[in-house]
Amino acid sequence: MIAIYPGRFDPVTLGHLSVARRASGFCDRLIIAVFDNPAKPGLFTAAERVDLIKQSVKDLPNVEVHSFSGLMVNFARRMGVSLIIRGLRVGADFEREMEMYVMNRRLDEGIELCCLFSEPQYQYLSASLIKEVVMLGGDSSGLISEHVADALKNKLASA
(Lines of atoms letter the chains of each structure in order from A and count residues from 1; the text may use other names and numbers.)
(Lines give C-alpha, C1' and ligand atoms only; values in the text may rest on other atoms or scores of the structure.)
Protein backbone atom coordinates (compact mmCIF):
# COMPACT_ATOMS: atom_id res chain seq x y z
CA MET A 1 0.00 0.00 0.00
CA ILE A 2 1.24 3.49 -0.88
CA ALA A 3 0.35 6.24 1.57
CA ILE A 4 0.86 9.99 1.59
CA TYR A 5 1.53 12.17 4.61
CA PRO A 6 0.89 15.75 3.43
CA GLY A 7 1.64 18.97 5.28
CA ARG A 8 3.45 22.27 5.28
CA PHE A 9 6.16 21.10 7.71
CA ASP A 10 7.46 24.66 8.24
CA PRO A 11 9.56 23.40 9.99
CA VAL A 12 9.22 19.65 10.47
CA THR A 13 8.77 18.80 14.16
CA LEU A 14 9.42 15.67 16.18
CA GLY A 15 5.63 15.31 16.27
CA HIS A 16 5.51 15.18 12.47
CA LEU A 17 8.38 12.70 12.42
CA SER A 18 6.70 10.50 15.01
CA VAL A 19 3.63 10.20 12.79
CA ALA A 20 5.82 9.50 9.74
CA ARG A 21 7.82 6.80 11.52
CA ARG A 22 4.70 5.09 12.82
CA ALA A 23 2.98 5.25 9.42
CA SER A 24 6.04 3.88 7.65
CA GLY A 25 5.64 0.75 9.74
CA PHE A 26 2.37 -0.24 8.09
CA CYS A 27 2.86 1.12 4.56
CA ASP A 28 4.89 -0.41 1.76
CA ARG A 29 5.78 3.11 0.67
CA LEU A 30 5.17 6.40 2.46
CA ILE A 31 5.38 9.69 0.60
CA ILE A 32 5.87 12.73 2.79
CA ALA A 33 4.38 15.48 0.65
CA VAL A 34 5.44 19.06 1.39
CA PHE A 35 2.74 21.50 0.34
CA ASP A 36 4.16 24.43 -1.61
CA ASN A 37 1.57 27.20 -1.55
CA PRO A 38 2.83 30.29 -3.42
CA ALA A 39 -0.08 32.29 -1.99
CA LYS A 40 1.11 31.57 1.57
CA PRO A 41 4.91 31.31 1.59
CA GLY A 42 6.48 29.82 4.67
CA LEU A 43 9.65 30.66 6.52
CA PHE A 44 11.45 27.85 4.67
CA THR A 45 11.11 27.28 0.94
CA ALA A 46 9.55 24.01 -0.17
CA ALA A 47 12.98 22.78 -1.29
CA GLU A 48 14.47 23.58 2.12
CA ARG A 49 11.62 21.77 3.90
CA VAL A 50 12.06 18.73 1.64
CA ASP A 51 15.78 18.68 2.44
CA LEU A 52 15.23 18.98 6.21
CA ILE A 53 12.73 16.12 6.15
CA LYS A 54 14.97 13.94 3.96
CA GLN A 55 17.75 14.36 6.53
CA SER A 56 15.30 13.38 9.27
CA VAL A 57 13.99 10.19 7.63
CA LYS A 58 17.14 8.92 5.91
CA ASP A 59 17.00 5.79 8.09
CA LEU A 60 13.53 4.86 6.78
CA PRO A 61 14.04 3.04 3.44
CA ASN A 62 10.36 3.04 2.46
CA VAL A 63 9.91 6.81 2.93
CA GLU A 64 10.38 9.41 0.21
CA VAL A 65 9.87 13.15 0.32
CA HIS A 66 8.42 15.34 -2.44
CA SER A 67 6.91 18.79 -2.72
CA PHE A 68 3.66 19.52 -4.49
CA SER A 69 1.34 22.41 -5.25
CA GLY A 70 -2.32 22.39 -6.12
CA LEU A 71 -4.78 19.82 -4.83
CA MET A 72 -3.22 17.10 -2.72
CA VAL A 73 -5.72 14.58 -4.13
CA ASN A 74 -4.39 15.21 -7.65
CA PHE A 75 -0.79 14.74 -6.48
CA ALA A 76 -1.78 11.59 -4.59
CA ARG A 77 -3.50 10.17 -7.66
CA ARG A 78 -0.39 10.82 -9.80
CA MET A 79 1.73 9.01 -7.20
CA GLY A 80 -0.59 5.98 -7.02
CA VAL A 81 -1.61 6.67 -3.41
CA SER A 82 -4.55 4.91 -1.78
CA LEU A 83 -4.24 6.23 1.79
CA ILE A 84 -3.79 9.68 3.34
CA ILE A 85 -2.03 9.80 6.71
CA ARG A 86 -2.77 12.64 9.10
CA GLY A 87 -1.71 13.29 12.67
CA LEU A 88 -4.26 14.42 15.24
CA ARG A 89 -3.14 16.50 18.20
CA VAL A 90 -6.15 18.18 19.76
CA GLY A 91 -9.91 18.30 19.13
CA ALA A 92 -9.68 21.13 16.61
CA ASP A 93 -7.47 18.92 14.42
CA PHE A 94 -10.25 16.33 14.24
CA GLU A 95 -12.78 18.86 12.95
CA ARG A 96 -10.37 20.17 10.32
CA GLU A 97 -9.40 16.67 9.19
CA MET A 98 -13.06 15.64 8.93
CA GLU A 99 -13.73 18.63 6.65
CA MET A 100 -10.75 17.73 4.49
CA TYR A 101 -11.74 14.05 4.43
CA VAL A 102 -15.23 14.86 3.16
CA MET A 103 -13.83 17.09 0.41
CA ASN A 104 -11.09 14.63 -0.56
CA ARG A 105 -13.64 11.79 -0.79
CA ARG A 106 -15.79 14.00 -3.00
CA LEU A 107 -12.81 14.58 -5.29
CA ASP A 108 -11.58 10.97 -5.26
CA GLU A 109 -13.54 8.14 -3.65
CA GLY A 110 -10.57 5.80 -4.04
CA ILE A 111 -8.44 7.50 -1.40
CA GLU A 112 -8.96 6.64 2.27
CA LEU A 113 -7.87 8.51 5.40
CA CYS A 114 -5.96 7.18 8.40
CA CYS A 115 -5.53 9.48 11.39
CA LEU A 116 -2.84 8.75 13.95
CA PHE A 117 -3.03 10.36 17.36
CA SER A 118 0.03 12.34 18.35
CA GLU A 119 2.10 10.91 21.13
CA PRO A 120 1.31 12.68 24.42
CA GLN A 121 4.53 14.72 24.48
CA TYR A 122 3.62 16.23 21.09
CA GLN A 123 -0.10 16.94 21.71
CA TYR A 124 0.32 20.72 21.80
CA LEU A 125 3.33 21.01 19.54
CA SER A 126 3.03 23.07 16.36
CA ALA A 127 5.53 24.43 13.86
CA SER A 128 4.34 27.99 14.49
CA LEU A 129 4.79 27.60 18.25
CA ILE A 130 8.32 26.28 17.73
CA LYS A 131 9.19 29.21 15.45
CA GLU A 132 8.00 31.61 18.14
CA VAL A 133 9.92 29.83 20.92
CA VAL A 134 13.16 29.82 18.91
CA MET A 135 12.68 33.43 17.78
CA LEU A 136 12.39 34.47 21.44
CA GLY A 137 15.52 32.55 22.40
CA GLY A 138 13.84 29.49 23.93
CA ASP A 139 15.09 25.91 23.99
CA SER A 140 13.70 23.74 21.18
CA SER A 141 15.37 20.48 22.22
CA GLY A 142 12.89 17.63 22.35
CA LEU A 143 10.65 19.50 19.89
CA ILE A 144 12.66 19.51 16.66
CA SER A 145 15.75 17.66 15.43
CA GLU A 146 19.13 19.31 15.97
CA HIS A 147 19.71 19.94 12.25
CA VAL A 148 16.25 21.54 12.03
CA ALA A 149 17.01 23.71 15.07
CA ASP A 150 20.25 24.89 13.45
CA ALA A 151 18.48 25.66 10.17
CA LEU A 152 15.70 27.50 12.01
CA LYS A 153 18.12 29.63 14.02
CA ASN A 154 20.05 30.51 10.86
CA LYS A 155 16.86 31.34 8.97
CA LEU A 156 15.52 33.54 11.77
CA ALA A 157 18.88 35.31 12.14
CA SER A 158 18.88 36.22 8.45
CA ALA A 159 15.22 37.30 8.35
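Cβ atoms here come from the backbone N, Cα and C positions, even for glycine.
Features of the protein shown, as given by Swiss-Prot:
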BINDING   His16, Gly87, Leu88, Arg89, Glu97, Tyr122, Gln123, Tyr124, Leu125, Ser126, Ala127, Ser128  ATP binding site
BINDING   Lys40, Met72, Arg86  substrate binding site
SITE      His16  site 'Transition state stabilizer'
> Between Gln123 (ATP binding site) and Lys40 (substrate binding site), how far is it from one CA atom to the other, in Å?
Replying inline: 25
> Taking the Cβ of Leu88 (ATP binding site) as the centre, how many other Cβ atoms fall within a 10 Å radius?
Replying inline: 16
>> In whole Å, how far does the CA atom of His16 (ATP binding site) lie from that of Arg86 (substrate binding site)?
In response: 9
>> Given a separation of at least six residues and a C-beta threshold under 8 Å, show me what packs close to Leu125 (ATP binding site) in the same chain.
In response: Thr13, Leu14, Gly15, Arg89, Ser118, Leu143
> Cα-Cα separation of Leu88 (ATP binding site) and Lys40 (substrate binding site), in Å?
Replying inline: 23
> In angstrom units, rounded to an integer, how far apart are the Cα atoms of Ala127 (ATP binding site) and Lys40 (substrate binding site)?
Replying inline: 15
